[in-house]
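Peer 1: According to TrEMBL, the feature active site, proton acceptor maps to Asp286. Residues annotated as active site, proton donor in TrEMBL: Glu466. Residues annotated as compositional bias 'Gly residues' in TrEMBL: 255-267. The domain 'Beta-xylosidase C-terminal Concanavalin A-like' annotation in TrEMBL covers 603-804. According to TrEMBL, the feature region 'Disordered' maps to 244-270.
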Amino acid sequence: MRGYDVSKPWPGSPMDGWKIAMAAVDLDHEQRGEAGSLLGGRATIGDDIKIIAPESLYVASANESDHGQPVVNAHSDWVFCAWRWFSPPYGNESLAMNPDKFEAPEDGSCKQWLPDACIQAVEKQASTAYWINSEPKGIYGSRHTCSDLDVPEECSSTKLVDNDPLLPTWGIPLQYLNGSTTWQSGYAINENTTAEEMQEMWKTVTEGYQPIVTMFGRFQNDTPDSLDVEPGFAKLSCLRAAPAKGAKSNSENGNGNGSGSGSGGESGSELASGLINPIIPGFNPDPSIIRVGSDFFLATSTFEFFPGVPIYHSTDLVKWDNIGHALNRPSQLDLRGTAPSGGIFAPTLRHHDGVFYLVDTAFDIINPPDNVTRVPRSFYVTTSDIFDENSWSDPTYVDQWGFDGDLFFDDDGKVYFTSTFSEFVENGNFGNWITEIDITTGDSLSNSRLLHTTTVPPELGYPLTEGSHLYKLNGTYYMITADSGTEASHKANVYRSNSLEGPWDGNPHNPVLWNGEDMSRPVLATGHADIVNDTEGNWWAVFLATRPQNPRNSSGLPQLGRETFLCPVTWDDEGWPIFNDGNPITEYEADVLYDLDRPQVWRDEFDGGLVDKSYYYLRTPYKDFKDFESSPGKLRIRGNVYTLNDRETPAALLRKQVDLNTTFSTEISAFSPENWRQEAGASIYLSIHYHNEIALTYSNATSKRAIVVHTRTGIDATLNTTYVEDEEVAAGAPVKLFIEAKDSGYRLGYSTGSSDPQWLASVENRWLQSYVEGWQNFVGSHFAIYNTGTKLPTLNSAEFEYIQTELN
């Protein structure tokens, strides 16, 4: 989204280059526009608009008496979409939001939101739309923020606020600007307004006008008799569609794990056409979710990648941001020597008495391919500020072994740790075990005992159970388990009991998640679930699933790995949960939340650092190899002796592949290899066994730079290497490298100058996916840039201009 192109920034406000949704005309508090303007502090744009520094927000108008007054009721929780209309020819360079200078969000989150949301909200009685009248001399701001509403669940019913002394004496007519730039009286909107009336108003107001996203506030000295300061923006920030059907519980916070250790956040259930799954695409298995107040937090597995366990944040369950990693320093996590798909297994995220707990298990070696399995070690880390990734503690280790650990805070003050292991279970299959622990030390306070073993018949999948989560709802204990392995037979089951001692009764709707009844479905391996309620009492499940490709069924292979999906949860009359209304999980769920389109282009230009927190190393790095200072605006990677084949930490930066059809590219502007061992380039990486590269290296044949391509195919990962001579490459020209991903495979190519890519090699996706016969793989594909000396130190850094992904 781009803001107004201003020529005069007001003192102390660096407007140039801001990606903001507000524009300012009265920047020097002297020049006034015909329609007034809105001045503001720093802002960020997501689906909505968030004021970061509201103390610097002012409203300016054409009236000298109120000119430049500070906005009141502005606070850091302001997040909303709003709209206003200008006839396209109306306005000039002094107008605050000239349509010619403004663009709506590329993802369409605000561009088409108003009509559906407004109509749906009135029809469903989810909220009141406030339309406040304006006055020809200026546009002055608006009325209320969501925090002014009486009810804590924003917009849960249709009502006007009654705590504002101004509103009862004001009418609420709809105002709009016609082609002659004259403000006309419109329609009243209140709790009695029908959907049909709203639709007619919408047609009248929007015909011939361009919607503009904006922000607003109100003057501190507004009075009912002050015509000069009547607000003139339409406020729709509190609109919410009717909540999805779901059970209410007596849990006030999150997933109801006795102590409020559950998950959730503001549901933001704005009804649109549907939900696009997965909600967190790419390699993000084993999700665990909590809600704290109006914020959702979610954690996923990372295995041998570092830092460990990303923490995602959302306020609407659809748009998720990576805010950091719980395991981000060697004292927490040492992955050196970790085998493929060893490392950090399924996490559990919980919150209790103001403290966040992240429970996890570390393996260094599993089998196969190493034919050795070491005993896993479980632990938890804590923080009171989840937004500060550096605040996570060092590990507190527990006594009970096993993996897929879970913490349960009972309402009697006791804390329990559960995990999965197979020893001492009749028939040797995995079972879920439980022990009471001292949450301060991790010490067991009771002997470990078997909590549950699988009830899945062998003909419906592997007879093993893992990944249990415990909850307490309405005085009853509920347990969700992950059953039948991690492939197409994977599923989730629910049990409940009046006591942690059991017995545990099975849900008649079990398995609550299982797409494996039909192996032709495009979504398979559904399981490993966690549940959460939102602030409106709706329940949701997050879980892993795969999207097989080429073909899109059980014989296809999911190169992106296991991803995080979402579905609604309802409750039957007997108190049993039903996932997704009992329907199979799909990539598109109609009438659930809203769509969120993937950005067409994502790019990092290395402007002084990495653009976000979604980069990874292979295993724990022993020293940093990144340099942003030697060549400002570029990333220099100093190579080390390790390669992508080694169970170590090569000089490589990785990002998860999150789209099936996308092109990854980078440009190396400087790299001078001195021998064939020195190589810098781009990779599509699954594991030390399966990865493919296109790179710059040294040609022994010409004693100059050349392009090299490595592909690995077949069950034994047979290496194929090709060298390509190019005069411009040999002469030291900057080189662009490309990896084109399709659902069926990958192409690798390069270019110099402005030429199109030359595609040099291709590889089928079946050699870069999650499950290859003979190897145990739990991860997904990553794009990477790297520099290596291949067993020998190198003094040659590789200089990267950018990395980019673009949807095909």
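Heads up, the Cβ atoms here are built off N, Cα and C, so glycines get one too.
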Peer 1: Look at each of the active-site residues, Asp286, Glu466, and point out the one with the fewest other Cβ atoms around it within 10 Å.
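Peer 2: So among Asp286, Glu466, the active-site residues given, the one with the fewest Cβ atoms within 10 Å is Glu466.
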Peer 1: Using DSSP and collapsing to three states, where does the residue listed as 'active site, proton acceptor' fall: helix, strand or coil?
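Peer 2: Looking at the DSSP assignment, the residue listed as 'active site, proton acceptor' belongs to neither helix nor strand, so coil.
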Peer 1: Looking only at C-alpha atoms, tell me how far Asp286 (active site, proton acceptor) is from Glu466 (active site, proton donor), rounded to the nearest Å.
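Peer 2: Approximately 11 Å lies between the Cα of Asp286 (active site, proton acceptor) and that of Glu466 (active site, proton donor).
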Peer 1: When DSSP is mapped onto helix/strand/coil, what comes out for Glu466 (active site, proton donor)?
Peer 2: strand
Peer 1: Given the model, what does the mean pLDDT over the domain 'Beta-xylosidase C-terminal Concanavalin A-like' (603-804) come out as?
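Peer 2: Its mean pLDDT is 94.
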